[in-house]
């Protein structure tokens, strides 16, 4: 279903199906309206509205004829002796309308010559005609055989022609209505959807202000009502196809209106893109950009104008003054709340928050500023405490890391002094002294480089560098150390160059520090994953490994100087490598991040890609 909603072809087919179903419903419903208007919806002709209308019309005409004859004769004797009525109602007239007029139980005149009047009439009706001196009882109806070729026979034949299609029209109207609603719901659900994106796509129609579009629809609807009213005089089964043209036009306009309504609701632009909303935002922007003094001046001018307008209306004038008093009191309550909050913050309650949800605009901004002052001071205090803690840890770690090789050097020098010159252990002691002195030298160099990198006191000489080449070079140089710890490198490096603009010395130092960190802290016998790729106009490479020590430390803390994942500090690392790598990366316009998931350690470096 989602694929259908995203298919343009499916939406086009749905539109034409909707037009077809709408036309089918309009034709079927129009046919039923015509039949209902003509009185063709009875079970048979004698129970139809058209028959009842014709019969009632003839009955009133008969009453009129009887009345005229009685008035002209001016005596009941005339009616009793005369057996004739003129024209249509005279005995022997060629009509299916049959009647009998009785006076005091005697049929004074009739146009029926048979024996049993009631058995010959299909629909027997009775009526009474009264004069000042007597009453006449009239029995009338229609010949059940419809033997005469008059309006009743023609009406019966026309009823049969129309009524035979009424059940089909009812079924067609119901089916087309249900299917049309289903297709309409699908069209609204699919509105704005495109394959490959979850974003609701808007077109030119969807960017017309919605209130302006509603105004256009009201005008179009008024025109449609006017045109429909004019065309109603020509409503017939023969003219239905021609009347479908304006129906399809207005229906399509209404369909597009509901489609753009659905798209605006999905995209959240229904209210935002109205002219009223634009006007409100414009006024709000104007008020935000003018000073408080001018706002007060404009407010006073508005108050003065309303006071003048409502001066002659005591109720409105009093309501305006009460409203002004309420607003002033509310402003005073908010100002008191601000004063209370400012006092609490000034007294050292930095976590105190001023409630500002229902404050006026400027007072709300002031409350936000005071709340932010408290938050800023809290952050500053926290940062200061953290800085003091790290400073203490830094001194402790530096002292420990410098003391360890110095103690070893002093101890082995004492041993050398005590041993004779020809003792073979002297060579072993010298080797240890050399290793410890090199460690001390590297630690000192790292300290100097970390200081320069953190302060930015280094010069960057940028050049075009292929990152993939440096990574392969690092894999070669660290291969012995990696094999010595049984670490298998799984590399995913593309054959095509990944070029960046950076200083080759410092980029190599970044990679060197990351690989050194892997060799020192990775769990022996595991794999090291090296990945390089171009992503979002950036060259990204990452190194993942499993830590030998449990990594129960935040990644940000691991980037602090003299902090190691090995809390026992038994390895010969300085804890400066990752911090130096991060600072060097940032100085060259890149980004350096660490991710820790359990014992999984991942370092990611990113530089803007260099094209060409």
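Including glycine, each Cβ sits where the backbone N, Cα and C put it.
Annotated by TrEMBL as transmembrane segment, the relevant range among 74-96, 97-119, 120-142, 212-234 is 212-234.
Checking TrEMBL for transmembrane segment across the ranges 292-311, 352-371, 372-391, 392-411 points to 292-311.
Feature annotation (TrEMBL): of 317-339, 432-454, the stretch labelled transmembrane segment is 317-339.
Looking up the ranges 12-34, 35-57 in TrEMBL, the one annotated as transmembrane segment turns out to be 12-34.
Residues belonging to the domain 'Histidine kinase' (397-611) score a mean pLDDT of 80 in the model. Packing against the transmembrane segment (292-311) from elsewhere in the chain are residues 317, 319-320, 324, 362: each is 6 or more residues past its ends and has a CB under 8 Å from a CB in it.
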